[in-house]
Amino acid sequence: MSVQKEEYDIVEKAQLSVSAESLTSDSESISHNPFDDFHKAERWRKVYESSGYEGLSKFDPEFTWTKDEEKKLVRKMDLKIFLWVFIMFAFLDLIRKNIARAVSDNFIVDLKMNTNDYNLGQTVYLVIFLASELPGNLLSKRFGPERVIPVQIVLWSVICITQAGLKNRGQFIATRCLLGMVQGGFIPDNILYLSYYYTGAELTFRLSFFWCAIPLFQILGSLLASGIIEMRGIHNLAGWQYLFIIEGFLSLSVGVASFYLMRRGPTQTGESAFHKGKSLFTEYEEKIMVNRILRDDPSKGDMSNRQPVTFKEILYTLTEFDLWPLFIQGITAFISLQTVGSYLSLILKSLNYSTFLSNILAIPGQALLLINLPLAALLSRKLKEKSLCVGIANVWVLPFIVSLVALPTDTNPWIKYILLTGILGLPYTHSILAGWVSEISNSVRSRTVGTALYNMSAQVGAIIASNMYRNDDKPYYTRGNKILLGFTCFNICMAVATKFYYISRNKYKDRKWNSMTKEEQINYLDTTKDKGMKRLDYRFIH
């Protein structure tokens, strides 16, 4: 075997390790080029050819561009790609959370239900949402997010509007089931869609703004609801009925526009679901997009954006046990936030606040969340630290939960409100976890399935949260708060344990790799059937 070949493979190993262990800056792809070696570039070219990768014609290992050109391009992508994804996600959250505002207007009483019936409806929604996550994501991978996502938005908007006609418990549960079915898969669809355009570090940071839509539109939703609900009595309709109708039609307009505004991919930005037109980017910009993405993660070209994921590949991803610590945190990390967020209006009503105040008083907590969410992501990015930054959320929540448990039931309602607001305003690190899963997946297949499985784990947490406060525990939910305290302590320990787990996995791989001779290392790189994060030359970021 030639010296050149040996040098190439050893360099490849080093480059893969470096790329896996560090969070790159937005412009690092300019200086870091894993395709500098001709043999490695040709190996990857063959991978891209066999996969039918749509960006192959733009792949150029020798292509160069300036930092200013890349920064300008990223800003343009933010405006033309990310902004609309943000808007679509905002309306997902507006529609799926408007039920929490509807209950402040006697929704439960009007349908002759109780808290447990409401819990059941929320649980059904979340279970169906969870079950639809992976199928929805696989449909998007097969037919394209620019087609599937707009259809989802239109369907959930129609269902939202029909909720204005609800009369009883059975109809309520049926519409929650339908809503969960059409909304499932939307979030991992969009994460995968954004991964076509952004590097790993860029994606994680932008996902923090992606999830800023939650507090931002909860604030807007609360303001909107406080006004709409005052329409109760007009044409003999309840305020919550007007809420579903108005917000449903607003969402419907976004769904229709999405058919025209979502694009097929970086080299196909002239193609939407309904037409082919002028590309959003120049040929030169498309070439930068393709090469910067592949240099950040060469595996992003190992599947085309229409290539389906097989059942065998799904099972393979399920055996990627190194993703499981992140899935576990996806389940438990935000149960406190999800519980308090779902029940805040009911809790405030039970504390004798008016319907109007119950909606308005939700705003400070959401505003605090809106501030803390990007700050947590920025801290993670600056420190190049994921595990411990994820743990910050529950360190923040701990004193508020302890106080809720310790204070007597006759404590001033305003003090309880402040504690609940503190929980709602936690540094929401969901974006760090979601981006982390995408970043360490190390293949399009694992990324497609892994992001869906992570979001499914988050829905399991939401199911737990929707049943945390029970009818026999109100109005103070003392038992529920004690359970939340237990979850909070577990989450802090889990964040630290995850870091040590990945450190130990990297040390194990180092020992295995360093025990090989150079010839054995070269042979491994040429012949191994290990994929993704199971490869010995792959290192975990933590």
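Positions of Cβ are set from backbone N, Cα and C atoms, glycine also.
Worth saying up front: this structure is predicted, and the values here are computed from it rather than measured.
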Next on the checklist: Confirm whether, per Swiss-Prot, Asp410 lies on the same side of the membrane as Gly265.
Outcome noted: no
Item to check | the topological domain 'Extracellular' (198-208) - residue tally per DSSP class, helix then strand then coil | outcome: 9 helix, 0 strand, 2 coil
Item to check | Criterion met for the transmembrane segment (148-168) and the transmembrane segment (327-347) (at least three Cβ pairs under 8 Å) | outcome: no
Checklist entry - Hey, would you say the transmembrane segment (388-408) packs against the transmembrane segment (242-262), going by three or more CB pairs under 8 A that are 6+ residues apart? => result no
Checklist entry - With the transmembrane segment (360-380) as the reference, which stretch in 177-197, 209-229, 327-347 has the largest tally of C-beta pairs below 8 Å? => result 209-229
